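Here's the structure, in structure tokens; my notes come after.
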Amino acid sequence: MANQVGRNSQAQERLSQVSNHLSGASSRKGKQALLEKHPDDIVVTCALRTAITKGGKGGFKDTQAADLLHGAFKALIQRSGIDPSLVEDIAVGAVLAPGGGATEFRAAALAAGFPVTSSCKSLNRQCSSGLQACVDIANAIKAGMIEVGIGAGAETMSLQYGPQAVTEFSELLEEHKLAADCKVPMGVLSEAMAKDKGIPRAAQDAFAAASFQKAVEAQKKGLFDEEIAPLTVKWTDPKTDEEKTITVSRDDGVREGITAESLGKIRPAFAKDGSIHAGNASQISDGAAAVLLMKRSTAERLGQTIVGKFVQASVVGVAPLLMGVGPAAAIPVVLDKTGLSKDDVDIFEINEAFASQCLFCIKELGLDEKKINPKGGAIAFGHPLGVTGARQVSTLLTELKRTGQRIGITSMCVGTGMGMAAVWVAE
């Protein structure tokens, strides 16, 4: 009996120690706590992307999403030096692929050199799909389900964008006001939101022009080179119909000479008296991205170079017709979860779905515009829907490292009325 009591006491003490450890880990908040290094940190050892190219016109216009993903996978294996057999799960964000892309993405993983033991799934949370893929993998590692995984995104808007990507609503959904709002085209609802929130066209055009100008400067300085993995593909010349083999290593949507004045001459796209047009909204694009994640202790054991760590994420719902305010709703939640203030954040990568919604979020949160998308954003180089959330990780971490800064947030609005955000720390 005494032995049993002793064993029970020891067991309770061990449980108490575990509980204290877990509560200590979960209570580490604030800037200084986030900058500390712990064995159970979820770290990034490689984050890269393909170039992003113009939908229907650019270098990837004839390339399937799975082939783009295959290229990103091959580059990630080569750059990181990871043994593919150690990768236990892969999550791929995609929005337009029939069947979610599940079959061809698994095939792309196998073709890239991952063994049959590396599982793969696709997922769709619309414009945040790439980020959700990274978060799913990070959470699986935190939970002990896997040790090493990849969060990724792949999209060919050239080949799959269009009305066929949206399912017809049933009578039940059509008759429910909020439910029916979910199918309102994003351009139309963004136009309405810009009017409702008082975001003038001049401000939108100035923001868009700045995005192009920052991207042009960054491209000239080679600031995207580290994050981009060149990819060789087949490309059909639209003028001659000749098939060529080309290597794509630059974002081809980036254009020089864009000013607020030149954008001011473009006709509105969604209303005669509107403010939104092709020049101040994100580009239709193609591309892929991949992020390799594991615990710090695992990375050190494997000799992997740590480039940053994932800290926390938030996902929230907003009214479907106010889809664009998503980052303004999600960012405060993730700041609260991590004990950070907005001033603790060095760089905000906020997806530029539309200049109008991005401007609203910046003003609503009182953010320093100099911290927003320092190398430009989706207006300048594109928004392949399922890719952006994973693409932002490489863009953010390379810029934090280059500038000697540490803390960043990635965020985006999400179709049907959601917002998502995540905190990352550069090593």
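Yeah, the Cβs are placed from backbone N, Cα and C, and that goes for glycine too.
Remember, TrEMBL labels are computer predictions, not curated facts.
The region 'Disordered' annotation in TrEMBL covers 1-31.
Look at TrEMBL and you will find 1-26 tagged as compositional bias 'Polar residues'.
Among the features that TrEMBL reports, domain 'Thiolase N-terminal' is placed at 42-297.
The active site, acyl-thioester intermediate annotation in TrEMBL covers Cys127.
What TrEMBL records for 305-423 is domain 'Thiolase C-terminal'.
Taken from TrEMBL, the feature active site, proton acceptor applies to His383 (among others).
If you look up TrEMBL, you'll see Cys413 (among others) marked as active site, proton acceptor.
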Point to revise | Rounded mean pLDDT for the residues that make up the domain 'Thiolase N-terminal' (42-297) | key: 97
Study note, to complete from the structure: Summed over the domain 'Thiolase C-terminal' (305-423), the DSSP helix, strand and coil counts are 56 helix, 30 strand, 33 coil
Review point. Just counting, how many other CB atoms are there within 10 A of the CB of Cys127 (active site, acyl-thioester intermediate)?
Key: 30
**Study point:** Alpha-carbon distance [Cys413 (active site, proton acceptor); His383 (active site, proton acceptor)] in Å
**Key:** 12
Exercise for review: Provide, as an integer number of angstrom, the distance between the C-alpha atoms of Cys127 (active site, acyl-thioester intermediate) and Cys413 (active site, proton acceptor).
Suggested key: 7
**Study point:** Those residues of the chain, 6+ apart, with a Cβ under 8 Å from that of Cys413 (active site, proton acceptor)
**Key:** Cys127, Met323, Gly324, Val325, Gly326, Pro327, Asn351, Ala353, Gln357, Cys361, Gly419
